[in-house]
Amino acid sequence: MAKAKFERNKPHCNIGTIGHVDHGKTSLTAAITKVLAEAGGATFTAYDQIDKAPEEKARGITISTSHVEYETPNRHYAHVDCPGHADYVKNMITGAAQMDGAILVVSAADGPMPQTREHILLARQVGVPAIVVFLNKCDMVDDPELLELVEMEVRELLSKYDFPGDDIPIIKGSALAVLENSDPKLGHDAVLELMKAVDAYIPQPERPVDQPFLMPVEDVFSISGRGTVVTGRVERGIVKVGEEIEIVGIRPTQKTTVTGVEMFRKLLDQGQAGDNIGALLRGTKREDVERGQVLCKPGSVKPHTKFKAEAYILTKEEGGRHTPFFTNYRPQFYFRTTDVTGVVHLPAGTEMVMPGDNVAMEVHLIVPIAMEEKLRFAIREGGRTVGAGVVASIIE
């Protein structure tokens, strides 16, 4: 069967299923593709197809993830599902599969469990903007009061981690009912209702090109008679010739003007998100700019040295450390294009961090870096990746 080509005429959104092991994340993913396939918006992907997730590398870390795509009348979705809990932790922290929203799957028969809590906390730490809940396995619960109790527990848990627990849509159903063609009300209808809620409740992400301009500096050249050219890939936004920009990070912030934009040796009047460009900077000397800084729209990003982060520390088998580390550990933090040394402070009550752990930590960098919440980084020792992290909040 030939794969139908998805027409990109609808807004695109990245989502994923999260929740405790065996609560039905993968079954729900399969059920969504089955229900939407009837309307021609997907190709049905069976449970065992999704379950044997291929391995991929992100920031030097191997993660297993399954990707399916489907569309509703309003949107096109890329949906990610992970086989194991460790894969979720790694995926959310590295941002390997960016999530604009998540479907939290909770088994009605069991209620919230430890990983339910951990995934909600991770979603908060890594900045997942919105969550919709699917209360699964409702066909296994006869008592409607019990369902209400589980729903209340889930709402309280979401509120505890600063999600709007009272407002979040909770859809009750059964993924198995879809896959076994049994109860259409709990199966087919519930999945359609879930997708309606996802369409309506998960906000449409702003496209990178509509965000304020930012380009990490990869290289700096001096071109005789023309000035200094800075190269890199535009991360977001648009830069036009003649616009004023700032150079942020490592040293005091400087202002300059872009007098030319080049791509593939051709002159352009602008560069935009995704382009690999060379930007000619007015009156800027070769030694004024270095790799690791960013060019950005004035005032849009500030340099910082202290932040709180959520990090995953690689196991020995993944090529990470063989031993734990303690407070005052001093690795390098690789942001965008460069390593900066930083000092780690562990939270009260955390004596040490073992390889394979994920941990909330505070980091003090020795020089300021252009950063904002949700920025990803690698933790390295002498060029070897030993962990991955994401900025949860900025201190100063």
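A Cβ is built for glycine as well, from the same backbone N, Cα and C atoms used for every other residue.
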Stated Swiss-Prot location of region 'G2', expressed as one of 60-64, 265-269, 295-299:
60-64
Examine the ranges 136-139, 304-307, 348-351, 356-359 and name the one recorded by Swiss-Prot as region 'G4'.
136-139
Candidate ranges 81-84, 113-116, 141-144, 249-252 [criterion: Swiss-Prot lists as region 'G3']:
81-84
Pick from 19-26, 67-74, 283-290: which range does Swiss-Prot record as region 'G1'?
19-26
Return the average pLDDT for the region 'G1' (19-26) as a whole number.
95
C82 (GTP binding site) to T26 (Mg(2+) binding site) - Cα separation in whole Å:
8
Quick check on the binding-site residues: of K25, H85, whose CB has the lowest count of neighbouring CB atoms inside 10 Å?
H85
Please spell out the DSSP helix, strand and coil residue counts for the region 'G2' (60-64).
0 helix, 4 strand, 1 coil
Local backbone state of K25 (GTP binding site), from DSSP in three classes:
helix
Could you tell me how many residues in the region 'G4' (136-139) are helical, how many are strand and how many are coil under DSSP?
2 helix, 1 strand, 1 coil
